[in-house]
Amino acid sequence: GLPCGESCVYIPCISTVLGCSCSNKVCYRN
């Protein structure tokens, strides 16, 4: 549920390595 300061509209989340995932075009973690 915490925003990772990254969007995933055109490219995947780079922050997935930190546990972030794409949700509603924005990368979130928990």
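Even glycines carry a Cβ here, placed using N, Cα and C.
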Check: When you check Swiss-Prot, which of C8, C20 turns out to share a disulphide bond with C22?
Finding: C8
Next item on the list: State the disulphide partner of C13 as given in Swiss-Prot, choosing from C4, C27.
Entry: C27
Item checked: Intrachain C-beta neighbours of C27 (disulfide bond), sequence separation six or more, cut-off 8 angstroms -> P3, C4, G5, E6, S7, C8, C13, S15, T16, C20, S21
